[in-house]
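One structure is given below, encoded as structure tokens.
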């Protein structure tokens, strides 16, 4: 007989490790599972030097968060452990974040953290503790398939859905993970937290990248990759120099204000060229991209990726965490994979994720995804656009 987590055995005989960040979502997850009788163990990861982030609203994984997680564990009566993952986090997430920015990409550190820290290292720790599953407070769901494996699906609350950040989850990891909040709304979660008497019931949501509590990611990039702060030229699509800048890291795709150049028509940042330290600007229509070349593709759909793609697979993709999935085609191309967007997208950026879905709305199944290597217009009007990687938008919402 299966319990509420779709696992064999009675809840009291089933150990569940909960990843507790100190926020209301993971805290409610732990309290909910404890109330259902599970043998719950809470684990909080210390990921970075958190002193500067203490007590700051909108920052996660900070010193105050560790205190809050411990207080919740004491309240609901579960063991709680803090694991020092600072060196792993520095190498796997922070260093790669800075390196990605220095090459003109816009990384999504939450994806890398989930992939290499939470769902690899922490999951291994949970298994070592004899847990039957690792539960998190993500707003996403999973369901059992006919063969016993699990599918990743969007949360019922589309405005809270975090599936974009979890596309890199492997099949093996997905079978071990559980997401108890997948069918809840945020207000319902907070109401449960109040019911359980949790001190974090009204705690602010995390909004910044956790290791950038000030919101100024350029401080991190500048410290680790000073070359990203070197001055360069601002040029138009024909290569004409329009002005100077003080580092490509200060610019984002679609940016119009603060360019420091005069023009009779509106100009937008189109892309960054780190090798020449150039910022390329142009008209708004030049922002639209239609073809995306992917790297590091992860497939969690049925069968193998190559068999599923065949001569072309019609699906839906999301190239920003805040956008709804849009129609696209996934094709094999030159030993890799390429996505063709039916309607196109403004500001597609290398380093961001392109996530695959089987439907445009509702609790769609996540089929996988990849990181964007480059993007081009379907029919570039300027030779300067052909084959050139697109530039980057604002850092994606880091909640997750």
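From the backbone N, Cα and C atoms, a Cβ is placed for every residue, glycine too.
As the structure is a computational prediction, the values presented were derived from the model and not from experiment.
Taken from Swiss-Prot, the feature ATP binding site applies to 19, 20, 21, 22, 23, 24, 25, 26, 45, 137, supported by sequence analysis. The disulfide bond annotation in Swiss-Prot covers 113-210 and is backed by sequence analysis. If you look up Swiss-Prot, you'll see 113 marked as active site, nucleophile, on the strength of sequence analysis. The site 'Interaction with tRNA' annotation in Swiss-Prot covers 138, 352, and the record cites sequence analysis as its basis. Annotated active site, cysteine persulfide intermediate per Swiss-Prot: 210, in sequence order, evidence recorded as sequence analysis.
Overlay of Swiss-Prot feature records on the structure.
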residue: 19; record: ATP binding site; DSSP class: strand
residue: 25; record: ATP binding site; DSSP class: helix
residue: 45; record: ATP binding site; DSSP class: strand
residue: 113; record: disulfide bond; DSSP class: helix
residue: 138; record: site 'Interaction with tRNA'; DSSP class: coil
residue: 210; record: disulfide bond; DSSP class: coil
residue: 352; record: site 'Interaction with tRNA'; DSSP class: coil
Where the record says 19, 20, 21, 22, 23, 24, 25, 26, 45, 137 bind ATP, what is the longest distance in Å from one Cα to another among those residues? 16
Measure from the Cα of residue 138 (site 'Interaction with tRNA') to the Cα of every one of the recorded positions 23, 45, 113, 210, then give the nearest. 23
Between the Cα atoms of residue 21 (ATP binding site) and residue 210 (disulfide bond), what distance do you get, rounded to the nearest Å? 11
Quick note, residue 45 (ATP binding site) and residue 210 (disulfide bond): C-alpha atoms separated, nearest Å, by 12
Could you tally the C-beta atoms, other than its own, that fall within 10 angstroms of the C-beta of residue 25 (ATP binding site)? 27
Measuring CA to CA, name the entry from the binding-site residues 19, 23, 25 that ends up nearest residue 113 (disulfide bond). 19
Neighbour-count leader, CB within 10 A, recorded positions: 19, 210: 19
